Amino acid sequence: MAVKQKQVFVNDRPHLNIGTIGHVDHGKTTLTAAITKFCSEEGGGYEADFRAYDNIDKAPEERQRGITISTAHVEYKTPERHYAHVDCPGHADYIKNMITGAAQMDGAILVVAGTDGAMQQTKEHILLAKQVGVGSIVVYINKCDSSELDEELLELVESDIKDLLISHGFDLPEDEEDGSNPAIIRGSALLALNGEESELGKGSIRKLLAACDKYIALPERAVDGDFLMSIEDVFSISGRGTVVTGKIERGCIKVGDGVEIVGIRDTQKTTCTGVEMFNKLVEQGEAGFNVGILLRGSKREDVCRGQVLCKPGSITPHRKLRARIVTLTKEEGGRRTGFVSGYKPQFYFRTTDVTGTAYLPVDGAEIVMPGDDLEIFVELLNPIAMEKGSRFAIREGGVTVGAGQVLEIMDSKTDAEIAKMFKIVRAVKN
C-alpha cells in the first residue's frame with residue numbers, strides 16, 4: 001500500500017500569528033468559525049478550510065459546558081497575508097491556557113459583546129496580552145444585531161474599550177476626518193456564520209480582516225538569532241518518533257540541525273528529523289512559525305510541555321532570578337491584600353508554570369500591596385529555561401496577581417550575597 005505523501009506548505013505571503021481574546025460567551029469561537037467560512041467562500045485571494053463551531057470547540061467537556069478550555073488552531077489567508085489563528089479560552093478558571101495561547105500571538109482580535117460591553121475577563125485578557133508581548137489589537141464588537149442595542153449604547157461601549165486599550169499601552173488608529181476608530185468593527189459573528197450578506201454579517205468579517213491586514217503590524221522576526229522554541233505539546237507517532245509543537249521564538253530550524261531540550265529536567269541533546277506546519281512539510285521553520293518538529297531518538301516520556309527546544313548551548317535552565325514585577329490591584333482582578341517576603345505563588349514562563357518563593361528587598365517595605373511596582377528575588381522549585389528579559393505572569397488560586405520581567409540570573413550568587421539584597425525567609429523545620 002502506497003504511503004500518502006505530505007503536502008508541502010506554500011509560504012506565498014507574509015505570515016502572522018493572531019487570535020481571539022475576550023470574555024466568556026462574547027462570541028470568540030463563533031467569530032473564529034465565521035472567519036474560516038468567509039475565507040473559504042469569498043475567493044479573490046481569501047482561502048481557508050471551513051471549521052465549524054463544534055469542530056473548533058472540540059473536547060467533550062468544552063462542548064458540555066459551553067465554553068472553550070484549550071486553545072484551538074486554525075489557518076486562513078487574506079489577499080495580503082497568511083494567518084495562524086488561535087481561539088483562546090475566556091473562562092476565568094482557564095487563564096493559564098489563555099496565557100499559553102496569547103504567548104503565540106503577534107496580534108489579537110478582542111471580541112466584546114455589544115450587549116455587555118467590557119467585562120472583568122475582557123480587562124484581564126487585555127492586560128495579559130500586553131504582558132506576553134501581543135503587539136496590536138483590533139476590536140470586534142459582536143452581537144450588534146441585538147434589539148437591546150442602539151447607537152448611543154454602542155458608542156459608549158466603543159469609548160470604554162478604546163480607553164481600556166489606551167490605558168494598557170495599545171495604540172488605536174483614528175480616522176482624520178471623523179475621529180472614528182477603523183480598528184473597531186461592529187458586527188454579528190452569528191449572522192456572518194449563517195452567510196448573511198449584510199454590513200453586520202459577512203460585511204463585518206470583510207472589514208475585520210482588512211483591519212487586521214492594515215493595523216496589526218508584521219513583527220520583526222528574530223530569524224537570525226539562535227534557534228529557540230517553547231514546547232507546547234508532545235506527541236508520539238508510531239514508526240516516526242516524537243514530535244514537539246510550539247511557536248518558534250527566534251532563529252530557524254531545518255532537518256539535520258542538532259538541538260537541546262532544556263528546562264525542568266536534565267538537558268538532552270537530539271537532532272531534528274522533520275519540520276511540519278499545519279501537517280504540511282516545510283523546508284525550514286522560522287521565527288514566528290507554529291510548527292511540529294520531529295526529534296530523533298527522543299522518547300515521549302523524556303520530553304514535556306514547558307521545556308524549550310534550542311540551539312545547543314544558547315540558553316540554560318535557572319532557578320534563581322532578580323525580577324521587576326508589578327502587582328495587580330483588586331479592581332484589576334488581583335489580590336485584595338498584600339504579601340510579605342516568603343510568598344509562594346505560581347510563576348508562568350512561556351508554556352509552563354512552576355512554584356517559586358518571592359523575597360522582598362532588604363531596604364523596601366515589609367509588605368507588597370496590590371498595585372505596587374518593585375524588584376524581587378525569586379527562587380523556583382524547578383529550573384526553567386530563561387534569560388535576562390524573559391517575561392512571566394504570577395498566579396495564585398486561579399487569579400493573576402502580577403507580572404514581571406527577569407532583570408538578572410542569580411544562580412551564581414551565594415546565599416550570603418543574596419541575603420544582603422533581599423529578606424530571605426526560610427521555613428523553620430521542626
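Placement of Cβ uses the backbone N, Cα and C atoms for every residue, glycine included.
What Swiss-Prot says about this one:
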type	residues	note
BINDING	22-29, 87-91, 142-145	GTP binding site
BINDING	T29	Mg(2+) binding site
DOMAIN	13-220	domain 'tr-type G'
REGION	22-29	region 'G1'
REGION	66-70	region 'G2'
REGION	87-90	region 'G3'
REGION	142-145	region 'G4'
Neighbour count (Cβ, 10 Å) for K28 (GTP binding site): 28
Listed in sequence order, residues with CB under 8 A of C144 (GTP binding site) and six or more positions away: G114, L154, R186, G187, S188, L200, S204
Secondary structure content of the region 'G4' (142-145), with strand meaning DSSP E or B: 0 helix, 1 strand, 3 coil
Local confidence of the region 'G4' (142-145) - pLDDT mean: 96
Alpha-carbon distance [G22 (GTP binding site); the residue listed as 'Mg(2+) binding site'] in Å: 10
